Every structure is written in C-alpha cells, then in structure tokens.
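Student: Below are the structure tokens for one structure; questions will follow.
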Amino acid sequence: MHSMSSSSRPRSLSGIQPTAESFHLGNYFGAIRQWVRLQDDHDAFYFIADLHALTVQPEPATLRTRIHRSAAQLLAAGVDPERSALFCQSHVPEHTQLAWVFNCLTGFGEAGRMTQFKDKSAKAGADKASVGLFTYPILQAADILLYDPHHVPVGEDQRQHLELSRNLAQRFNHHYGETFRQPEAYILEGTAKIVDLQEPTAKMSKSASAPNGIVDLLDDPKRAAKKIRSAVTDSGDEIRYDPETKPGISGLLSLYATIEQTSVDAVVAQFEGQQYGHLKVALADLVADLVGSFGERTRSYLDDPAELDRILARGAARAREVAGPVVADVYDKVGLVRGA
Ligand code: TRP
C-alpha cells in the first residue's frame, strides 16, 4: 500500500454515477481516460457516486448490479487500485456528514439555479423530482472538498457544479476560517466531445435520441461496429472537418482522432480523397477492437466479486483516512461539540 499513502503529489478526485449497465464512449473519452492519466502524477481518489444515483429512485437490484459493473469498468479502463483509492461513496459516511453542513450554507435560490436540476426536475415533473435531486450538487461539493483536490476531471456539463463547490469552499472559509481549497475543474476541451451518432449536433449521452446514437463500452464488438457504420453523415461526399456544416463526419473524425490519440488534421489527411464509407469502416474496426478488449477486462473483474469488494474496501479505508479528520475539523469549527 506504500504508493497509496499520503504524498506531496497534487490530488485529483472524481466520481461517476452508476446509472447504466455500461459506460459509453462519451464517458470514457470525456472523463474516465483523464482519471487514468492523472494517476501518473497525482494522488488520486475516484469513487462511484452511488448516493447520487439514489436521487432518481433506481430499482434496488438494478442499482446493486450497476455499482459492481461500474467498479469493474473503472478498473478495466485503467484505474489502478495500487495507486489510486477507488471506492463507493456510500462506504465513506463523511460525504453525507459534510453535505449536511453545506446544505445549511447553501441558499434555496442558489440551489434552484443549477441548470442540471432545472432540466432534470422539468423532465421528472415538479412534484416527482426529489429533494435529493435538489441537493445533489451540494453532496457533490462535499465529495470534492473533503479531499482537498487540486484537479477534478469532469465533463463540461459539470462546470456549474464545480463552481458551486468553489463558492461553498470560499463561503465556509470566510465564515469559519481557512479550511478548504478552491478546486480547479480539469475539463479537456475539443477532443473530449464525443457526439451522438444519430444526432451529431448533440453530445453522446445516456438520454440520447436513439440507442444507436451511443456506443456502450460493454457493447458486443459487432454491434458497436454496426452502430459506427450506420452513423448519420452529412450531404456531400468530401471528408472535411467542419462541425457547423458537417456535424456527422466531423464527429466521426474527432472520435477517430481521440481513439488514435492524434490530431483531427492528421486523420483528415489520412482520409483525403476517400469516401465517407472508408472512414466509417476504419473507425468501426477501431471501435470494435476497443470495446472487445474492454469487455474482456471488465468480465474478468466481474468474475471475481470477492476481489472487487476487497479493492473497494481498501479504497474506502484510504478515503476515510483523509475524510475523517476533515469532518472532525469542520464539526468543530461550526460549533458542534464532541460526543462522549
Ligand atoms: N455529478 C457528476 C456527474 O454526473 C458525478 C459526481 C458526483 C462527481 N460527485 C462528484 C464528479 C464529485 C466529480 C466530483 O458526472
């Protein structure tokens, strides 16, 4: 465990909700790949946001499965439990303990201005949206500030939540004395935007228009390849990067460049003079390889649930070493008294 003990390296922290059977390419390239990279030079804390997933009342058996599948996929993606603390949010009670203090520091109107809450509650219907959905970003602020991270790798859609965390850190420090660092978002621009294959002006997301619009990391490779081949493309036949007039082909070029870790220009040059079909077939092969090996690695973790539990338990223990003293300090600073 030597490599997981505290060090002077900067910290990174992030969480992902276990809300699907499989993560998709957008999750992977938008966030998870950055988690994996940051491990090289950061002390990393990564967790499955199972409490956040409760905000929409998932079926218990479904949630249980998805938590394990999420952990297995993060490991398959390269989160290394020897170097990073990988844990379930619910195994570290300090998250909810700190969240309460932050609930009491957040204005009703301030929470109501969160665009994700507005979108989600509008979809659910005002009466159906839970209070948990309302306070979701406040729990997220607790998730973050407990670990004093320098970097929080997240997708663009989390920018406002990050801003709330920064505001709460500042507010707490102002009222109770210097305690929290204001964390920086770590949002990878450009290549990180993976678009919906059927509706290329939208980003790839679980709430996508059609199931064919997203490639799941646990898709069968043949099915994944087929989704790429049947992606919507644009009128004309020239392979050119122009998201305005050619959103379809531009999305495919950018996905290709992202997988190959090269520039879009290099991919455009590679396919110069060729037709859409050539690009699609080549990209379909890349994607099939990617999900094929990813699926195998994920299944090998799922085949050993005891080991998976051990990894999560170790991660939670490491997280609590950091989070425990922070909550004790906060409770003290706000004027709570120690229990006997
Ligand atoms: N809200 C994040 C998302 O949906 C998940 C999340 C919860 C998170 N807590 C976090 C991300 C803390 C970063 C840090 O993507």
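Placed from the backbone N, Cα and C atoms, the Cβ positions cover glycine too.
Keep in mind it's a predicted model, so treat the numbers as computed, not measured.
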Student: Quick one: which of 148-152, 203-207, 258-262 does TrEMBL have down as motif ''KMSKS' region'?
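Tutor: In TrEMBL, the motif ''KMSKS' region' feature sits at 203-207.
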Student: Whole-number answer please: how many Å between the C-alpha atoms of MET204 (ATP binding site) and ASP143 (L-tryptophan binding site)?
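Tutor: Their Cα atoms are separated by 25 Å.
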Student: Given GLN17, THR19, ASN27, ILE194, MET204, LYS206 as the binding-site residues, which ones have a Cβ positioned under 6 Å from some atom of ligand 1?
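Tutor: The binding-site residues passing the 6 Å Cβ test are GLN17.
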Student: Is the motif ''KMSKS' region' (203-207) packed against any residues at least 6 beyond its ends, judged by a Cβ distance under 8 Å, and which are they?
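Tutor: Same-chain contacts beyond the ends: 19-20, 24-26, 30, 193-197, 213-215.
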Student: With DSSP helix as H/G/I and strand as E/B, how many residues of the motif ''KMSKS' region' (203-207) fall in helix, strand and coil?
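Tutor: Summed over the motif ''KMSKS' region' (203-207), the classes give 0 helix, 1 strand, 4 coil.
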Student: May I ask for the distance between THR19 (ATP binding site) and ASP143 (L-tryptophan binding site), taken between their Cα atoms and rounded to an integer number of Å?
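Tutor: The separation of the Cα atoms works out to 18 Å.
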Student: Using the structure shown, find which entry in ASP143, GLU156 (the binding-site residues) has the sparsest Cβ neighbourhood within 10 Å.
Tutor: GLU156
